[in-house]
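Annotated features, as they stand in Swiss-Prot:
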ACT_SITE  His20  active site, proton donor
BINDING   Asp28, His98, Tyr120, Ala121, Asn122  substrate binding site
Amino acid sequence: MRKTSLLNSNISSVISKMGHTDMLAIGDCGLPIPKETERIDLALIKGVPGFIETLKAILEELQVEEVLIAKETEKVSPELFTKIKEIIKDTKITFISHEELKKELKDCKAVVRTGEQTPYANIILKSGVVF
């Protein structure tokens with residue numbers, strides 16, 4: 001059994017294959033996922049699992065150098081945005097429109113779908129290097 005906290009084999013598999021600047025998205029339960037992008041569906045019921053707990057778990061395993069967030073998030077869901085900033089600390093944030101974020105999903109290695117129902121609870125994580 002794995003010693004790290006992330007137990008989901010599909011997420012671990014995607015992360016293990018990611019290189020520098022590859023992208024992985026985490027989305028709320030309403031985020032449209034392109035057919036060509038791998039979907040890792042964790043949604044069980046409304047709110048479970050949550051976006052924040054999923055983000056925390058993935059960040060324990062993935063080195064991230066930049067995050068892409070819809071600029072609408074800060075205004076529409078300020079509490080969520082504050083929590084994201086606390087978690088990612090000094091990681092670079094690039095703001096794009098929600099429509100642009102949805103287009104970027106086509107270039108992601110996968111989208112992790114949560115049960116989150118907070119508006120704009122979506123993020124794209126750009127992989128960094130550990131050296």
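Backbone N, Cα and C atoms are what each Cβ position is placed from, and that goes for glycine too.
Shown on the structure are the features that Swiss-Prot records.
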residue	record	DSSP class
His20	active site, proton donor	coil
Asp28	substrate binding site	coil
His98	substrate binding site	helix
Tyr120	substrate binding site	coil
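Long-range neighbours of Asp28 (substrate binding site) (same chain, six or more residues apart, CB within less than 8 Å of its CB): Phe51, Arg113, Thr114, Glu116, Gln117, Thr118, Pro119, Tyr120, Ala121, Asn122. Close to the recorded substrate site, the chain also has Gly27, Gly30, Leu31, Ala70, Thr73, Ser77, Leu101, Thr118, Pro119, Ile123: residues not among Asp28, His98, Tyr120, Ala121, Asn122 whose Cβ is within 8 Å of the site's Cβ mean position. The CA atom of His98 (substrate binding site) is located 24 Å away from the CA atom of the residue listed as 'active site, proton donor'. In terms of local Cβ density within 10 Å, His98 ranks first among the recorded positions His20, His98.
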